[in-house]
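According to TrEMBL, the active site, charge relay system annotation covers A:Lys82, A:Ser157. Annotation comment: TrEMBL describes A:Ser181 as active site, acyl-ester intermediate. The domain 'Amidase' annotation in TrEMBL covers A:26-470.
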Amino acid sequence: MSAELTRLTAAELAEKIHTREVSAVEVAQAHLDRVAAVDGEVHAFLHVATDAALASAAMVDEGLAAGTAPASPLAGVPLALKDVFTTLDMPTTAGSKILEGWRPPYDATVTSRLRSAGITILGKTNMDEFAMGSSTEYSAYGVTRNPWDTSRVPGGSGGGSAAALASFQAPLAIGTDTGGSIRQPAAFTGTVGVKPTYGGVSRYGLIACASSLDQGGPCARTVLDAALLHEVIGGYDPLDSTSIDERVPSVVEAARLGTSGDLSGLRVGVVRELGGEGYQAGVRASYEEALRQLEKLGAELVEVSCPHFEYGLAAYYLILPSEVSSNLARFDAMRYGLRVDKGASAEEVMAATREAGFGPEVKRRIMLGTYALSSGYYDAYYGQAQKVRTLISRDFAAAFGQADVLVSPATPTTAFPIGDKVDDPLAMYLNDLATIPTNLAGTAALSVPSGLADGLPVGLQVMAPALGEAVMYRVAAAYEAARQAEDGGPLINRVPSLPGGVA
Amino acid sequence: MTAPALVDFDEVVERFDPMLGLEVHVELNTNTKMFCGCPTTFGAEPNTQVCPTCLGLPGSLPVVNRTAVESAIRIGLALNCEIAPWGRFARKNYFYPDMPKNFQTSQYDEPIAVNGYLDVLLDDGTTVRVEIERAHMEEDTGKSLHVGGATGRIHGAEYSLLDYNRAGVPLIEIVTKMIPGTRERAPEVARAYVTALRDLLRALGVSDVRMDQGSMRCDVNLSLSPRDSGILGTRSETKNVNSLRSVERAVRYEMTRQAGVLLAGEPVVQETRHFEEAGGSTRAGRRKETAEDYRYFPEPDLVPIAPPAEWVEELRGTLPEPPWERRRRLQAEWSLTDEELRDLVNAGALDLIEATVAAGAPAGEARSWWVAYLAQQANSRGVELAGLEITPAQVARVIALVASGSLNNKLARQVVDGVLAGEGSPDDVVAARGLAVVSDEGALVAAVDEALAAQPDVAEKIRGGKVQAAGAIVGAVMKATKGQADAKRVRELIIERVGA
């Protein structure tokens, strides 16, 4: 029974809980048991909040027993929260030593929306330090392993959240996507990951990596589950000035509509600059097949060109480090977190603490950003990168004039072996080639499983204009349904058993 | 190396032209901080007015205070500035323990108000137009308290305490363009400008403008050029100039110091200096030769400020009467000479007198209280007139008590002393100290008779028509009644009794 519960989707679990077929506490316990069984191997979680999770689930059960309507369509469903959102009752580290043991005095808006929705927060998931990385190898607390092949990375920075989903430790998770940190792990683990429109999900309480690029979003094993979670966490927040004061797009309805499998009348833009050279052969094959499937669903394929995408990576690695260098200045040992009491002055303590508290990738980016913003270099680096950003937005605008959504492979390769790229930052950065343009433009995109290449999952990226999430979910849900029909079941069912688990 | 000797001020003016620039930081009196909902009350227990945002906790985000923007626009309009239709905040990056995020959010190169001016009245009645370069919004830092050192400075301190109550309080920085041609009047112009600005901000009601509490702070930028050369000299930036008088002294000191340096054949160092209240001098602070690189970039956590034109016009309609126009009006209403008006303005008495008049006192009485007795009291206490612990309404009450005959002038001064000493309202002081004129006519008559009997020769003189001789009898009666008699009534009674 317990093992079966962990295989269900969030929508199925919610229905069973709300009809009181199973209790939220049983569901929470089943997932906690699964965490206990397999997370020693996977290391998706940095903190498991057993008592709080059971207490939260018990409250949902009490409410249902009293005849109260569930707080949300996902009330009682467990979730794994990326350890970059502040939580009053759990430590929050952002994967960094510099925040080891820090207990925030406030909940992030995403956290409080999850709580109000009655969602059971199981714990906090592993990530690359301050969301900088594509493998979780830069976490200060050890690497997370890919459930498909535990010698490989689950992607990053949100590898913990994606691996928790793929190893059935949670049916839902929250990630953040600055350059692909939701979509790339989703692609690597055969799960669904959505980067909403910039401003669509509040950043209040999200520990910043790069403020103008960061966006929290839903992760799940199905498109519908992601949509259900999207509607819980999305929407205007007066505490985030960059939050969009508009209604959340009706993504649940769109996802349901998508499963009918008809995409006729929709134009799907095939981005010429993404998916060719530099992409692994198996990834390319999976992508070609996905395009054929979309056509079979009735979509019209149009080739679009986004000539400035090739400068996206370079622009990204100027803008992101610049913002990082400023955002991470606050970690100075004066008010919270690690303090290395070395030296006689505040400046010396700050320097010693930052030296000891930050990992290599974080230091690299702080240095890059400090340099890029320096007087005399600003125009050539940051200023120029902002111009590229504008050009990329124009590319998107032109492409969305020809197509309702754009598609590409989510990543150039499948999951790579642990240790393979950790000493080669440039190779690591190339992981985000296809995902970065969306962050630079502030538009929306997701990754949906598109089969396996050499036994490892591949993701199809679907991109939509700002606030155009509905059509994106519809296309993804239609594709997901068609793919599963062809495969005879969800891809995720083919994930190998883990040593500790029966599944 | 000892510093070159100071040069006599007259000689400085003979040989150099001072170039003056002033940067004034004003804390707005909004109820909440610039980017969060924390209160801004001055003097609260340390670190009690803080939240995740103003503490810069990980994950926190700023939200712009609309009232602060409104105040900034009103200040810009009152300074005859153009209001920018669109502008972003920037981050000024540098590490300092009292700055929670290690960057200050500030409108760096996109200020909300630019290109204005302020007309400033000088002692001789002439007006100088000071051009305003810009006024921009930013947030204040916290406060460091360095403990254990001899000087209260960070150097030599054992440890430091940090209070973040002030962190995030809205500031407006108002920067003048270089003020040319001030010559020997540079110190006076500097003081007059800061005074005029203070009056304007007070009239706008946007700030407490208390220099003693730091809600208004002035930096003086000064350089010297060889007279009539037009060559720009190297400037110093003197911080921490915390009173109007200090503004004047700081300019004067820097002129004499820089002239000494230049005449000794040395270069003036571009640096930050600190004003020393005690000696009226400045001392070198941070060197600016290795200019700090603040790595400014647009604040990505905020959206641009884009005040709609209609809103700006609506705010223009809320501007109070400009102080200089108000001065002209009051001069006419109160029938003042130019010189009298200037004295009142210089004494900072105009608002106080107007408020006293508004509380029911005649203008003449109100004026004489504030420029005479109260001015003396302020002077002896070393505070500004407005810093006295008495309100215009209380002064008006004292004046009313005199007018009704309940107090004479001497008693009235005692009542004022009591109020200043914190003994309560004028009526409280009258009651507590028993300060009312002897209004018991019988007792007064008895005292007058007694005095006349004691000095029969004087009584005789009065009877003989020498009315001025009555002064001696008045004095005796006042002495006998311990001053609590109405001198005018006593005089009347003397004439009455002698003539009877």
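The backbone N, Cα and C atoms fix where each Cβ goes, and this holds for glycine too.
Separating the Cα atoms of A:Lys82 (active site, charge relay system) and A:Ser157 (active site, charge relay system) is a whole-number distance of 10 Å. If you take the Cα of A:Ser157 (active site, charge relay system) and the Cα of A:Ser181 (active site, acyl-ester intermediate), they are about 5 angstrom apart, rounded to a whole number. When Cβ atoms from all protein chains are considered, those within 10 Å of A:Ser181 (active site, acyl-ester intermediate) total 36, not counting its own. When the active-site residues A:Lys82, A:Ser157 are compared by the number of other CB atoms within 10 angstroms of each CB, A:Lys82 has the fewest. Looking just at the domain 'Amidase' (A:26-470), the mean pLDDT is 97.
A:Ser157 (active site, charge relay system) falls within neither a helix nor a strand when secondary structure is assigned with DSSP, and so counts as coil.
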